[in-house]
Amino acid sequence: DIKIAHVYGKTGPFEAYAKQSHDGLMLGLEYATGGTMEVNGEKIVVIEKDTQLKPENGKALLEEAYGDDEVDLAIGPVSSGVALAMLPVAEEYEKLLIVEPAVADSITGSNWNRYIFRTSRNSSQDAVASAIALAGDNVHIATLAQDYAFGRDGIAAFREALAAQGHEIVHEEFAPTDTTDFTAAGERIFNAMKDLEGEKKLFIIWAGGGNPWAKINAMDPSRFGIEFAGVGNILAALKGFKDFAGMEGGTYYYYELPDNPVNDWLVKTHFERFDSPPDFFTAGGMAAGIAAVEAIKKAGSTDTEALITAMEGMEWETPKGTMQFRAEDHQALQPMYHFKLRVEDDVEWAIPELVRELSIDDLPIPVRN
Amino acid sequence: MIRTLLSGDLPRSRVLALLLAVILICLAFAPFLFPGVRTVDTAARICIFIVLVASYDLLLGYGGIVSFAHTMFFGMGAYGVALTSTHMGRGFDALAIGSITGAALAAVLALLIGLFSLRVRAIFFAMITLAVASAVAVLVSQLSGLTGGEDGLTFKIPRELGPAFKFGKETFDGALFGVKLNGKLLTYYLIFGGSALLFLALLRVVNSPFGRVLQAIRENDFRAEAIGYKVVYYRVTATCLSAAIAALSGSLYAIWLRYVGPDTTLSMTIMIDILLMVVIGGMGTIYGAVIGATLFVLAQNYLQNLMSVLSGMTEGWPLLPELLSPDRWLLWLGVLFILSVYFFPSGVVGRLRGQR
Amino acid sequence: MSDLAQTGTTGDPILRIEGIYTNIAQYHILQGVDLHVPRGGVTMLLGRNGVGKTTTLRSVIGHWRAHRGRILFDGDDITRIPTANIARAGLGFVPEDMGIFADLTVEENMVLAAVSGPIDPARLDWIFQAFPPLKTFWTSEAGNLSGGQKQMLSIARAMIEERKLYLIDEPTKGLAPAIISTMARALKDLKDQGASILMVEQNFAVAKALGDTANVMDDGRVIWSGEMAELAGDPTLQERLMGLSMEAK
Amino acid sequence: MTAPLLTTDDLTVRFGGHVAVDAVTCAFHAGELTAIVGPNGAGKTTYFNLISGQIPASAGRVTLNGQDISTASVSTRTKAGIGRAFQMTNLFPDLTVLENVRLVVQAKAGRGFNLWSMVTGHADLIDQAEDILARVRLLEERNQIVSELSHGNQRKLEVALLIALDPLIYMFDEPTAGMSVDEAPVVLDLIADLKAQSDRTVLLVEHKMDVIRTLADRIIVLHNGALAADGAPAEVMASDIVQEAYMGRGLEGVLDHV
Amino acid sequence: MSTAPEHSPTMARSSVTDRLAPYAPLMLVPVLAIAGLIAVQNPASWLTLTVSGLAMGMMIFLMASGLTLVFGLMDVINFGHGAFVSVGAFIGISVLLTLGHLTNAPSLGLNLLAILAAVLAAMAATAVMGWAFERVIVKPVYGNHLSQILVTMGGLIIAEQLIIVLWGPEEIYFTRPEALKGALTFGDAAIEKYRLVTVGVGLAVFAAMRFVLRRTKIGLIVRAGVQNGEMVAALGYRLRLVFIGVFIAGSALAGLGGVMWGLYQEVITAHMGNQAMILIFIVVIIGGLGSVEGCFIGALLVGLLQNYIAFVEPKLALVSNIALMVAILMWRPMGMIPVVKAK
Ligand SMILES: Nc1ncnc2c1ncn2[C@@H]1O[C@H](COP(=O)(O)OP(=O)(O)OP(=O)(O)O)[C@@H](O)[C@H]1O
Ligand SMILES: Nc1ncnc2c1ncn2[C@@H]1O[C@H](COP(=O)(O)OP(=O)(O)OP(=O)(O)O)[C@@H](O)[C@H]1O
Ligand SMILES: [Mg+2]
Ligand SMILES: [Mg+2]
């Protein structure tokens, strides 16, 4: 048998993401094996392990997977903190870990080792895509993000990407991660922007609760001609954006954006099985599943070294079109989407409409390992 | 001999003595009785949490002081080892210096907080520790250059303590009872031995005249002062001692994990876990820590497995499989808490010793 | 022991305790207490420390529960009904530890004690006359009162409304002589209004002056009951029952 | 006359506007038993509280053996030799009777900060504690949990703790309240013994006149917080202030007539 | 009858500061607002910040009021309070979502009607839940703080998990009723319409609670019952019933707070109540355990201070609440308006 461990935070605040990720993974394996769940004549067995979003658990469970269960490779986890704790385990056991969907840059950056591959996008990819989508002459951009490493890194990447286009941010606002009242942040941003001429956009990166868009929107930023911008989000979150028709930004996935056979199959199958469209992390999980199968096929075995050789530079088809593992840092390069929100009465959420697909070549993602 | 080792505080219940003996034997021979990465990992965590919980019980159960900063001290020990190992390079000297500095700093910080707040009143201490602990957590997250922020630090410990180090090739052919003789095994016994020593030391402290004064202060601090005990000094001393031991257990944890992060050592969740372990085991008895930590860590690790079995068995019933799904393990942990407080208000140990 | 019926008061007793056994945890404290409180009189319950006097009163009000025997109040069996209902049936209780609500003011303590409505001002005046400090400290926190003032408050709480029977546990401890006298007066007034009183008392002088009938307990049982005057007039009996050696004042 | 052991100078405390102890100046000598009487709420317990340091004085000084201890903490004063028993029973309720006394003996011996020896190793402390329990006739109850004692026995234990402390100044606040007539003498005899020990001073708050008459060398009267009389028992008892405010003039006979 | 001798304790005049002390907390709110004006400088921003801060304070008060009631009166530390907030939000929002025809209409009256229905449903549900909580979870641990912390935490976990079982793990996003979207503007200052609603509800609840606690014996019975339940029973009160009643009231208030908070956040999760708990605890503690007035003032202070600090120096916003708590506890260790002498 080929054993694959899925080590991820099934319980805890990211439970919803976890479920999508796992459904996606199973669909990916199914799709890539043509429904047989077999590669090279061997059955694929998936072992699930719940980190409860705790790094120490992630570490112990991955050790268990490699050491006791003797899996051939592992996939996961949801949270970046857990992922970072797991990276050295892969090196120690000399086995592969495909990171999905944790996003921290450092996973394929400063903390990377050669047993790590990542199918999910990293924060830079989000930032660069948004920068390309938003930048323009006579466009003034202010940012709002959480005041901790991820928020600051995200804005830094965004700033860099903007600079590459020859633009800069007019005001950077950081608020504590647990902020619930954004009046002060809003006022500071308004005060910084109200006297500017031209298009004004407020770019928000915010993970988790707080919902800054709705709160700042309630302060009527249109008085000052300020529009919202942001990165894409899961469907549940898009339900809160029905007041934001016209908002633009860069996104990772929305089921109507890509146009390829894999995505068609995914959307169709997902509707059949779950009576709902696939979401962000479903697509990611599927990409990881397909990557695993393709790699094993290509390597002809589950030997780690053979797999690494096979995967470096490997191109494979995913719901987002063709992805490619960059040889230098094992990050999956992938297309991103420039979207604009559209609202329809009979759709529960705001619909990200495709403005432009940003291909791998359009996106200069820095190598940082 | 055993009496002296246990500082004259015998289990005083046959069932309890039996339970403790079983736990001791399981922990002492864990790598041989339950070979497997996960099980040994669980055993090591149990050892560490026993010490951590016991040190908290010194404060809560004996001193009657509620602190929300215990994980902060735990974290100081852990980060001590992580930082020295990162900056001094891997080595035993880094481990020793890290542990000792961590413990010393924890004691000093505890002294400051204690002198500042315990003078006023005990409830003030709870508030201040809550405030300081959350401030430190924010600080750790903000100083990401030094501490690794939310991501934490991954570091290397001496090679002798890693799985790559093998020994006993000639005499035992590299394995004893089928267990590979490697650095991982050594680390386990380092953790086990360290925990056992710290535990016995705590047992001695609570059974010393000092420990009895703490109990008296918990019962009636007003009267303790009126018979000539300077209550603040005793409380502050207990706080420092408890902080230092918590830090040492944190160091052991860091050595075991080779990783520290805010979620692993500083989070409020762990603080609450500690509280639960103290209460489940039984407050005001150091043996409670053994029982509480063991039960809790086992539940945390294996409840899910049990549930997936049960869930499979109830397939087809209405709602039950949903409730028994392993993803709902927290639900049942909650139920367990409530039941344990219901049926063991004085903890498992209190119950076994025949108190209310 | 059965000579209770001829104690001079008429009718059947307001409270009948029939052979109650009360355990506290594993200790057998009361072992068959028989006691009758006649209507309209002061019944004393005497005995050394620790013989079960307080436990008897607590068993009546329902703080401890007798597991054998019966307690009849005004003809109704109250052995098993909730404490609040026992109290509402017309019992006033002054516990040994005074049961002051320390964080409430004197006023709030009294307001609470007036269960059936607002305080009757006339009755309050009467109480103020007996216990003047309560008036002075009407709005102070009861926890800050002196020991004796707390005792006054505790008694005053029981007296604020008319009750059929008062259970009073050592009311005079800690009271200055002048206050003891006025308190005795107040209790006498109560009696004159037709109330019955069951009182535990260590001060024999007070017991002698107030008591109509007396019961002496030892070791969880009532070992003697009869007229107070009989006990007061017989020092050898006192010596035998209670170890009284000091001349009562 | 020898220098007094304890003096209070203009000792005053105010609660809000209420002057509970009003400029009390008084000296107490070794070998003397002073009874403090006064109506309920006169400030007797509060006066004790000021001497032992439970509450800070608003004004005035307390000196022990010539040393000003007005600002010292409770435990410091206790160690210096001021000991008291409380009017409201104040013990360690969940510990045993023996442990209560043992803790006091241990404090007296200064061994509280011993972190590394076993309690059972200090057998001498346990012996001392048992001696004291025998003196107050509580030895049989030594392993009982305090909260399970009857009221009278708790009062005895309260006295035992003070005796275990063996201070220079003994302060008793209504030690026999709630004690039965056959038990009270045990405590009163102990107090009489203390008086006989000529280097100790005893202060006694008591409402029972017969007790005061048999024991006191001197009586001071507090009234509305102020020192109203001070002198030999017979003389003070006969004074107007005591007769009127304390005994209640015109009420003497009430008890006999109700 | 002869009267006891008259004793009149000696009284001295109390100083001005002594007599003003009880009113000091009341002054803090205006003082803080003025300090805010000096720090913020821009009057339009100040107005926006102040009104929104006060409204935020009202919402915190709504969520905290039930806790302070239960905490203060019954001496029960309910760590599960957050669960009631969450459940209230889920029930209330579910009701709102089914009343789409009322919420989507641009009529304030219809919108408020929908909210009223949501609030009533949420309060009813949390009241029932409170009753069950009290019976099963809290009853055995009266008087024991530590056990309370633990069992109620167990209750919290169970409630959160049940929400997930019933509503699924995803957060639920939605938008406010039509008439409550957006803001009223005065020059450059903007005041959110929804916040005005919360101010109204907050004031109403505050007034109602004060009335019940001041004008009825319930408050007294419960406070006395916590100190000495036996004695309250011996006076003739069925303490159990009163306790259950208070607990139910506290739970229903949490449910109300949950609906209001959910409507503010426009997204609800099973953990939302618990996430608000630290803030709630801070408010309850600085107010003085059990003091409704203190809780009210404390909530307003927290709301205002948070906004001013976040505007003037966002970095400090992280610690502003904790700093406020420490400062107030140093000034008054029992909280601003201490009611119950907590051990
Ligand atoms: N909570 C308790 N647990 C165990 N035993 C108790 C408890 N309360 C009282 N006792 C025991 O019950 C016996 C009777 O106590 P009770 O208080 O009724 O005596 P009493 O006659 O009122 O004495 P006193 O005059 O001292 O108040 C005593 O021996 C006492 O030790
Ligand atoms: N902490 C306090 N706050 C306010 N008032 C107080 C405080 N302590 C005592 N008092 C008041 O001071 C006065 C004196 O009380 P104290 O306890 O000293 O009286 P006492 O002489 O011991 O009376 P008793 O004989 O009744 O015990 C009382 O009126 C009391 O209400
Ligand atoms: Mg009694
Ligand atoms: Mg007194």
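Cβ coordinates come from backbone N, Cα and C, glycine included.
Note: TrEMBL annotation is automatic and uncurated.
According to TrEMBL, the protein has these features:
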type: TRANSMEM; residues: E:20-40; note: transmembrane segment
type: TRANSMEM; residues: E:46-71; note: transmembrane segment
type: TRANSMEM; residues: E:83-102; note: transmembrane segment
type: TRANSMEM; residues: E:108-133; note: transmembrane segment
type: TRANSMEM; residues: E:145-167; note: transmembrane segment
type: TRANSMEM; residues: E:194-213; note: transmembrane segment
type: TRANSMEM; residues: E:241-264; note: transmembrane segment
type: TRANSMEM; residues: E:276-304; note: transmembrane segment
type: TRANSMEM; residues: E:316-334; note: transmembrane segment
Sort out for me which stretch, of E:20-40, E:46-71, E:145-167, E:241-264, E:276-304, has the most Cβ pairs below 8 angstroms to the transmembrane segment (E:194-213).
E:46-71
Of the listed stretches (E:46-71, E:108-133, E:145-167, E:241-264, E:316-334), which one yields the highest count of Cβ-Cβ distances below 8 Å with the transmembrane segment (E:276-304)?
E:46-71
Give residue numbers and ranges for long-range contacts of the transmembrane segment (E:108-133): same chain, 6 or more residues beyond its ends, CB-CB under 8 A.
80, 84, 87-89, 91-93, 95-96, 99, 102, 152, 155, 159, 177-180, 197, 244, 247-256, 258-260, 263
Could you pull out which residues elsewhere in the chain have a CB under 8 Å from any CB of the transmembrane segment (E:145-167), counting only those six or more residues past its ends?
75-84, 86-87, 90, 94, 129, 133, 137-138, 270-271, 274
Outside the transmembrane segment (E:46-71), six or more residues from its ends: residues with CB under 8 Å to it:
33, 36-37, 40, 77-78, 81, 84-85, 186, 189-192, 195-196, 198-199, 201-203, 205-206, 209, 246-247, 249-254, 256-258, 260-261, 264, 273, 276, 279-281, 283-284, 287, 289-292, 294-296, 299-308, 311
